[in-house]
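For reference, the structure discussed in these notes is given below.
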């Protein structure tokens, strides 16, 4: 039997996981993140609030949208590692522009590279799945995600301590972040180059392995929802399609056609569609909040005139979000029945928090509202990820995640062009948060109506079932109207 199909040693996953976690820690240890707007507001940069809000920050959204599609494809085609290295190079380039650049144009260039950073982040989370066997997926996912939360929290705490206790200039925080990103690049050099990837380079593993497909390339979550005969038949059909069209030039077309068919099958589920819609719309609004909340804080309490606690707030918010996400695993809830109601309730909490942040003059109320927003979103997005991924293989989950993220970026771009951009309405930051609050209120209203429909339908079905079980076996059953459907 080919050695490529043998069970890997029990410690074969340890080395790439450790290196990737070290990379993740230093790439996410960014003390500068919480003090970007105060830094740009300093006399040395001499940027006004309208320039930052309406001219500089929107570039991140446009750059993220423009670079995500090619990055999504190239990440898999290049097998992750080169894109991981590009991730930190873009980070370093952005920090260099922020530190040494002057004027709106160079700050826009820095935001462009921040967009590249955001787009290439997918390589960090996708890399490890190409290096370890499926039985380690849950463990390594936990490590890789947890280390980024720890690093971001630690960076925010350090930044707050340095600013509050030593009066360290904001620029020094960016030098620290630049040094950490450089260390992350050093660790990226030691990442093993994957021999396979999720889509483009998966065929080599099938060719090298005479076992059925489910033993080599299909994740366990996919196996739990298919029979062995179905998996073997699917693998045989896939091989037949590849053999019938051996031209290398058509390989990309085959992959894209296969992706399209997978997406068509995935989105045929109404349940997945509704959760994906919430994911896309809520993520678009949430990203807008993250992008402009520091501008709102600067408006409520200018950093030149008062003490600010952005770092402490970011640390607490990140920790609160982690706790909210962690709590999802211990909730015993019928999400099929009550999931949309949960989306409605917590979307309403986000909307109320944004209204409070807009109308209150207290910076502490703004901080508290932000904590509620971040915790509520982290709680809901964890549920959404679980609901979407529960019946999908890893490959299909990656596709759905990519499409949902792209749709969210399209929505966010439209929102930015209309609400924020100087070529649009160019609204002040306080009015923007009024718009974002109304946006989440609409989301809450839509899913509240959806949840009422689901609960009423479930109640009607239960009453019909109870009536059927209590009827005498000798009584004739009335004919059910053909135009009544209890499926939702």
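Each Cβ is built from the backbone N, Cα and C atoms, and glycine gets one as well.
Copied from Swiss-Prot, the annotated features are:
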{"type": "CARBOHYD", "residues": "46", "note": "N-linked glycosylation site"}
{"type": "CARBOHYD", "residues": "358", "note": "N-linked glycosylation site"}
{"type": "REGION", "residues": "469-488", "note": "region 'Disordered'"}
{"type": "TOPO_DOM", "residues": "1-8", "note": "topological domain 'Cytoplasmic'"}
{"type": "TOPO_DOM", "residues": "30-54", "note": "topological domain 'Extracellular'"}
{"type": "TOPO_DOM", "residues": "76-82", "note": "topological domain 'Cytoplasmic'"}
{"type": "TOPO_DOM", "residues": "104-111", "note": "topological domain 'Extracellular'"}
{"type": "TOPO_DOM", "residues": "133-145", "note": "topological domain 'Cytoplasmic'"}
{"type": "TOPO_DOM", "residues": "167-172", "note": "topological domain 'Extracellular'"}
{"type": "TOPO_DOM", "residues": "194-276", "note": "topological domain 'Cytoplasmic'"}
{"type": "TOPO_DOM", "residues": "298-310", "note": "topological domain 'Extracellular'"}
{"type": "TOPO_DOM", "residues": "332-335", "note": "topological domain 'Cytoplasmic'"}
{"type": "TOPO_DOM", "residues": "357-369", "note": "topological domain 'Extracellular'"}
{"type": "TOPO_DOM", "residues": "391-399", "note": "topological domain 'Cytoplasmic'"}
{"type": "TOPO_DOM", "residues": "421-428", "note": "topological domain 'Extracellular'"}
{"type": "TOPO_DOM", "residues": "450-488", "note": "topological domain 'Cytoplasmic'"}
{"type": "TRANSMEM", "residues": "9-29", "note": "transmembrane segment"}
{"type": "TRANSMEM", "residues": "55-75", "note": "transmembrane segment"}
{"type": "TRANSMEM", "residues": "83-103", "note": "transmembrane segment"}
{"type": "TRANSMEM", "residues": "112-132", "note": "transmembrane segment"}
{"type": "TRANSMEM", "residues": "146-166", "note": "transmembrane segment"}
{"type": "TRANSMEM", "residues": "173-193", "note": "transmembrane segment"}
{"type": "TRANSMEM", "residues": "277-297", "note": "transmembrane segment"}
{"type": "TRANSMEM", "residues": "311-331", "note": "transmembrane segment"}
{"type": "TRANSMEM", "residues": "336-356", "note": "transmembrane segment"}
{"type": "TRANSMEM", "residues": "370-390", "note": "transmembrane segment"}
{"type": "TRANSMEM", "residues": "400-420", "note": "transmembrane segment"}
{"type": "TRANSMEM", "residues": "429-449", "note": "transmembrane segment"}
- Task: Rounded to the nearest Å, what's the C-alpha distance separating residue 358 (N-linked glycosylation site) and residue 46 (N-linked glycosylation site)? Just drop the number here, would you?
- Result: 26
- Query: When only pairs 6 or more apart in sequence are counted, do the transmembrane segment (173-193) and the transmembrane segment (277-297) reach 3 or more Cβ pairs under 8 Å?
  - Reply: no
- Task: Could you name the stretch, out of 9-29, 311-331, 336-356, 370-390, 429-449, with the greatest number of CB pairs under 8 A to the transmembrane segment (277-297)?
- Result: 429-449
- Query: Who are the long-range neighbours of the transmembrane segment (55-75) in its own chain, taking Cβ under 8 Å and residues 6 or more past its ends?
  - Reply: 40, 47, 83, 104, 107-108, 111-116, 118-120, 122-123, 126, 287, 291-292, 295, 402, 405-406, 409-410, 412-413, 416-417, 420-422
- Item | Least Cβ-crowded entry, counting other Cβ within 10 Å, from the glycosylation sites listed as 46, 358 | 46
- Item | Same-chain residue ranges lying at least 6 outside the transmembrane segment (9-29) that approach it to Cβ under 8 Å | 84, 87-88, 91, 124, 127-128, 131-133, 136, 140, 143-144, 147-148, 150-152, 154-155, 177, 180-181, 183-184, 187-188, 190-192
- Note on the structure: If you count CB pairs under 8 A between the transmembrane segment (311-331) and each of 83-103, 146-166, 400-420, 429-449, the winner is 146-166
- Task: State the non-local partners of the topological domain 'Extracellular' (167-172) in its own chain: residues 6+ outside its ends, Cβ under 8 Å from one of its Cβ atoms.
- Result: 32, 35, 38-39, 42, 44, 99
- Note on the structure: Same-chain residues at least 6 beyond the ends of the topological domain 'Extracellular' (298-310) with CB under 8 Å of its CB atoms are 34-35, 37-38, 41-42, 49, 159-160, 163-164, 361-363, 366-367, 429-430
- What average pLDDT does the predicted model assign to the topological domain 'Extracellular' (30-54)? 92
